[in-house]
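Right, one structure below, let's go through it.
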Amino acid sequence: LTCKTCPFTTCPNSESCPGGQSICYQRKWEEHRGERIERRCVANCPAFGSHDTSLLCCTRDNCN
């Protein structure tokens with residue numbers, strides 16, 4: 001599986017997930033500097049946090 005890995009709206013970077021991590025993840029939240037984005041590979045989809053504005057977990061290449 002290959003997942004996007006950069007903290008920008010448009011993300012050209014991706015990486016192959018290590019063994020045991022078969023989910024692509026994207027989380028967005030608001031800070032005083034504006035919207036923040038986190039993208040990476042995970043083993044389990046995390047819970048929706050109280051400050052999150054969106055949370056995406058998917059299992060296709062570069063789906064996050």
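Residue positions begin at 1 at the first shown residue.
Each residue, glycine too, has its Cβ placed from N, Cα and C.
Here the candidates are CYS45, CYS63, and Swiss-Prot names CYS63 as the disulfide partner of CYS58. When the candidates CYS3, CYS11 are compared with Swiss-Prot, only one is recorded as disulfide-bonded to CYS6, and it is CYS11. Disulfide connectivity taken from Swiss-Prot links CYS41 to one of CYS17, CYS57, namely CYS17. Within 10 Å of the Cα of CYS17 (disulfide bond), not one of the disulfide-bonded residues from the list CYS6, CYS11, CYS57, CYS58 places its own Cα. Comparing Cα positions, CYS3 (disulfide bond) lies closest to CYS41 out of the disulfide-bonded residues CYS11, CYS41, CYS45, CYS57, CYS58. With CYS11 (disulfide bond) as the anchor, the candidate disulfide-bonded residues are CYS24, CYS41, CYS45, CYS63, and the one with the nearest CA is CYS63.
Of all the disulfide-bonded residues given, namely CYS6, CYS45, CYS57, those whose Cα is no farther than the 10 Å limit from the Cα of CYS63 (disulfide bond) are CYS57.
The two recorded residues, CYS6 (disulfide bond) and CYS57 (disulfide bond), show a Cα separation of 16 Å.
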